[in-house]
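Before any comments, here is the structure.
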Amino acid sequence: MGEMSKFQLGVIGALFLSVASSVSIVICNKALMSNLGFPFATTLTSWHLMVTFCTLHVAQRLNLFESKSVDMKTVMLFGILNGISIGFLNLSLGFNSVGFYQMTKLAIIPFTVLLETIFLKKQFSEKIKFALLLLLVGVGIASVTDLQLNTVGTILSLLAIATTCVGQILTNTIQKRLNVTSTQLLYQSAPFQAAVLFVSGPLVDQYLTKQNVFAYKYSPIVLAFIILSCLIAVSVNFSTFLVIGKTSPVTYQVLGHLKTCLVLAFGYTLLHDPFTERNIIGILFAIFGMGLYSYFCIQENKKKQSADLVSQMKDKDTTALLGHQEKEGLEAKKATKDSLV
């Protein structure tokens, strides 16, 4: 099997793991928060990250992956930024309507495209932009119900968008420029993300829910769901870094909206949530946009691979020609020398 085939299988595996684990954790957390009355989302996320770090630490001790030292300042700032991003997203949900929060999540894709175009000089074709537009329109139709604006909520949403975009772009950039794997980067940065949320999580949750996480009465079933949520989160966090590293921040966001559509469908099927014609039309639009995005990405990758192959062949031909000319030159010099003798 060629390197490209292995890479494509790796990408497909990462995408599948991300979708399966994310949909699972949404269903688990919905049961935990809505049915069992555990509302402390930010604190729960800090537990997710700490369990992820502990799991990776055990895996590293068992030599399942090799730890690679990365510049501590870079990893610390990256981890803190991601932790702050999660906090802002939760605050955005707390201060805004659900509809406006969904719009915040939709805005991450165009902002990511804008930032990558300006700062990383990345080019997005008109076809890709059109496919992303269809996707965003579809998810918007399916999930955005109300738009209630307020100043504090809007500021928090803008901060959430900015920190999320930068964090995801850095996830991709750091892996490629520092030559570290997704596992190595997650292992190095998870403690800093967890530390930020350990400190801020209880405060944010208390402000949003008017309840104290330390005064909550933990029943056995609540503890069981918390443990299950933490275990699934290991897969979610791992697959997030893996997908962004193997593809791009924009592709990861596209995948995130596929998860939104699946969660809506699972909510209707398993939890009997309300489901309207608008939801169906929106999901169909979104799936069509995702299909176009995938198709255009594959076509552009094929063109890029063909161009790279042609370039490599030209380089080989040029090298061979130079070698041949050099050989002819040496033979000519030798013949001239012999004639002089």
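Every residue, even glycine, has its Cβ placed from backbone N, Cα and C.
Taken from TrEMBL, the feature domain 'Sugar phosphate transporter' applies to 21-294. Per TrEMBL, transmembrane segment is recorded for 38-59, 75-93, 130-149, 155-173, 216-238, 280-298. Residues or ranges marked as region 'Disordered' by TrEMBL: 320-341.
Long-range neighbours of the transmembrane segment (38-59) within the same chain, counting only residues 6 or more positions beyond its ends whose Cβ lies under 8 Å from a Cβ of the stretch, are 29, 32, 65, 83, 86-87, 90, 183, 186-187, 190-191, 193-194, 197-198, 200-202, 204-205, 208-209, 211, 213, 216, 222, 225-226, 229-231, 233-234, 236-238. Of the candidate ranges 75-93, 130-149, 216-238, 130-149 has the most C-beta pairs within less than 8 angstroms of the transmembrane segment (280-298). If you count C-beta pairs under 8 angstroms between the transmembrane segment (155-173) and each of 75-93, 130-149, 216-238, the highest count goes to 75-93.
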